[in-house]
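Visitor: Annotations per TrEMBL:
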{"type": "BINDING", "residues": "7, 9, 145, 157, 159", "note": "Mg(2+) binding site"}
{"type": "BINDING", "residues": "11, 55, 57, 65, 125, 157, 193", "note": "substrate binding site"}
{"type": "DOMAIN", "residues": "5-201", "note": "domain 'CYTH'"}
């Protein structure tokens, strides 16, 4: 697989006092932004069923989330993020078992690979950042995104980006610590916006994913 950053994150249900609590903990509001996410897959959801998630974000371009090693179990997810379009195309062709000669642009391979729009929705986001010190004294930057989708679903996520798998356990420690400080219960899970969208508006596709993952958390 082409190299990319490893995203480790944990989702939670934000409350009315979450932003105030972030301020108390020394968090900084980076920005408030509104954007549209569009997800693509085959009619059979060949990507999502294999734990690959292809998204085009308004103003940011394409991203493919690829399954991480998941060396530590728990109420979190771990994915490698690819954002360079040639790398995304290579990975898509590999996962779908197809060859599209000379294509390094995602939009150019959607048709040949049978990929179509599966979901599209607008999110209002408050993006926060703060630095937590671990027991070893090492500091790590964490990001907290508080999202509200245009179909009425709100979710928060605590995220760290690391370069290699060996850094995941330390990142997870800080994520769980911050989640606890925010009042998130130890085993609390919150579904991703996309999953809730499919459940509400494309129930047959949602059932397809349930057959593979059950209640397992997805991005």
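A Cβ is built for glycine as well, from the same backbone N, Cα and C atoms used for every other residue.
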Visitor: Return the member of 11, 55, 57, 65, 193 nearest to residue 145 (Mg(2+) binding site) in space, with distance defined Cα to Cα and candidates limited to these binding-site residues.
Guide: 11
Visitor: Among 11, 55, 57, 65, 125, 157, 193, the annotated substrate contacts, find the widest CA pair distance and round it to a whole Å.
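Guide: In whole numbers, the farthest two Cα atoms are 20 Å apart.
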Visitor: Around residue 7 (Mg(2+) binding site), which of the listed binding-site residues (55, 57, 65, 125, 193) come within 10 Å, judging by Cα atoms?
Guide: 65
Visitor: Give me the CA-CA distance between residue 193 (substrate binding site) and residue 9 (Mg(2+) binding site), in Å, as a whole number.
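Guide: Between the Cα atoms of residue 193 (substrate binding site) and residue 9 (Mg(2+) binding site), the distance comes to 14 Å.
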Visitor: Sort the binding-site residues 9, 157, 159 by C-alpha distance from residue 125 (substrate binding site) and give me just the closest.
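Guide: Smallest Cα separation from residue 125 (substrate binding site) among 9, 157, 159: 157.
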Visitor: Counting across all protein chains shown, how many other Cβ atoms sit within 10 Å of the Cβ of residue 65 (substrate binding site)?
Guide: 20
Visitor: Taking the Cβ of residue 157 (Mg(2+) binding site) as the reference point, list residues of the same chain whose Cβ is under 8 angstroms away and which are at least six residues distant in sequence.
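Guide: Spatial neighbours, sequence-distant, of residue 157 (Mg(2+) binding site): 9, 10, 11, 12, 144, 145, 147.
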